[in-house]
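Peer 1: Dropping a structure here in structure tokens format, bear with me for questions.
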């Protein structure tokens with residue numbers, strides 16, 4: 001017999017249909033259909049002899065519906081054309097906008113006032129990202145590598161590029177253009193598959209990012225803080241499901257793609273022999289909890305009502321007070337998720353595909369997210385040394401190697417003193433999504449406690465006892481494999497060298513007073529610091545958001561340029577005076593800002609070359625030029641992970657919400673991962689990561705050089 005659908009399931013399906021229907025009709029409204037019905041109805045009256053009244057209404061209804069559908073499509077196309085205008089981004093903030101921008105803004109605001117869009121309501125109206133012309137990408141690429149290579153090698157690469165552009169490049173370009181006409185994005189699906197899912201690197205090294213908590217924690221109770229954050233996160237999930245969140249805009253005018261938010265929860269990266277896959281379940285009514293090597297299933301609903309924070313705390317207290325003991329093998333299960341992806345896939349297929357192991361694994365993989373309740377406190381404040389603050393970041397990023405489930409879209413990590421953070425796996429989406437979501441939660445969290453740090457509220461329903469997950473781990477080979485994964489994880493944890501500096505001398509306020517983009521200002525400091533430490537320049541990665549386009553993700557800004565290199569060399573060259581160095585600095589910043597805007601508009605270098613390489617592989621073609629251009633490692637992987645994206649508060653006026661932002665590991669075993677967050681006009685947070693076993697990198701030395709470079713740049717503008 002078929003399964004009977006519950007009233008809740010029916011209600012959920014009806015809600016989902018209404019949301020899809022409203023998003024489909026945007027910028028028109030579903031109710032606008034009745035306007036067309038009313039307009040066409042008089043043309044069918046009076047009724048002809050022999051006609052049935054209901055049949056006439058049916059004809060009017062069908063004709064009106066067809067006209068309305070067509071107008072929905074036409075109006076969305078017109079909105080897409082309108083959203084292609086992005087000239088306003090080039091205009092200086094605070095100055096009078098151009099007439100064209102004023103008209104554009106008025107139209108957008110009028111449409112949204114007439115019919116306020118849902119969270120995903122504007123997604124299908126976003127323009128597709130066009131494939132950049134090949135004769136623009138190749139020169140940009142050659143320009144980007146000029147300061148990184150000698151004349152002889154540059155001449156060789158230039159000849160290979162010219163040959164590629166004239167022959168194979170033209171064929172591959174045509175295929176990409178054709179794909180861009182029929183796909184939502186010509187590159188995003190390939191980027192997810194080939195850059196992320198095909199990679200065999202351990203996730204704890206490759207795609208992990210962390211987002212830090214506020215400096216000031218509202219409670220010292222681990223159970224209270226964890227329960228309240230879990231509650232707020234699940235409420236956020238519900239807002240995504242029902243699309244109650246506000247669409248996100250650039251400069252409060254133009255919408256950006258938010259489709260990836262749908263994979264923020266209920267998502268896991270499933271390992272495969274040759275490539276992984278992203279698994280997302282539509283509904284999950286539990287979370288998975290890791291504590292002292294034990295795994296628990298915690299139900300978060302009662303009769304379709306989300307448990308409140310106090311009720312959730314009751315369950316978490318049970319876990320924290322548990323006297324459960326576990327074997328070293330069970331404690332190391334999570335380290336499998338941080339192992340080489342092929343090895344983890346083989347173990348999973350052989351030992352976790354049936355029986356109780358599969359049941360327990362399914363609980364974790366279908367959970368809304370994973371909560372890691374750590375035994376250790378998270379110690380940090382504004383006066384912490386870079387090493388002390390870095391230890392907190394390292395706890396979030398890798399833990400001890402076996403207390404994070406790296407496959408999940410994110411882990412909420414809570415220390416024994418109530419301080420928290422988030423570890424994100426960003427195959428499914430980028431770091432600014434995780435950062436935005438966590439920021440919203442910790443802002444709402446701050447005022448949920450009384451003066452003693454206890455949660456406000458009371459238990460309305462006493463939840464049932466939590467379920468500890470069980471495993472069958474008696475097989476000797478399985479024990480050996482888990483032990484091997486555990487040792488590999490511990491080695492990587494030991495190898496990670498992470499520092500976080502709180503730069504208090506100046507922040508973005510001074511940078512803006514110099515009439516220079518804060519991002520360009522800081523990136524130039526990175527170039528100077530690296531040059532001073534290594535006496536050479538390196539390929540540098542900075543991501544720029546391409547979410548102005550449908551299904552957009554990121555494009556690379558190649559921050560090391562001829563202009564930045566010329567300025568960096570001048571800073572320690574006595575043949576240059578202060579005025580000349582300042583002019584070179586401004587020129588380098590202008591070049592960086594142009595690259596930033598090109599990347600935002602989908603006119604960068606790396607995603608285009610990457611897509612050409614994938615197209616070549618699929619067509620069984622080979623290009624030495626593409627292989628070299630796409631696979632060259634970035635020695636500095638830099639990122640600005642914002643932590644002030646919500647309009648809920650003004651961070652400059654609420655210093656209790658100070659956060660250091662987030663960070664990620666280096667992009668190469670021989671390179672650096674650098675993250676930065678200019679919190680306000682006075683504070684700048686700097687995160688630097690490298691591997692201890694690399695003889696050519698030194699985290700602390702580079703961090704000190706960055707701080708010195710910032711000071712030297714400031715001196716250029718003084719007096």
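One is the number of the first residue shown, and numbering goes on along the chain from there.
Just so you know, glycine gets a Cβ as well, placed from its N, Cα and C.
Since the structure is predicted, the reported quantities are computational estimates derived from the model, not experimental observations.
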Peer 1: Under TrEMBL, the annotation transmembrane segment belongs to which of these stretches: 24-45, 90-111?
Peer 2: 24-45
Peer 1: For the transmembrane segment entry in TrEMBL, name the matching range from 65-83, 122-140.
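Peer 2: Checking TrEMBL against the ranges 65-83, 122-140, the transmembrane segment one is 65-83.
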Peer 1: My understanding is the cutoff is Cβ-Cβ under 8 Å with a sequence separation of 6 or more in the same chain; which residues meet that for residue 426 (active site, proton acceptor)?
Peer 2: 207, 208, 209, 434
Peer 1: State the three-class DSSP label for residue 426 (active site, proton acceptor), counting H, G and I as helix, E and B as strand, and everything else as coil.
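Peer 2: Coil, per DSSP.
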Peer 1: Average the per-residue pLDDT over the domain 'Choline/carnitine acyltransferase' (131-706) and send me the rounded value.
Peer 2: 94
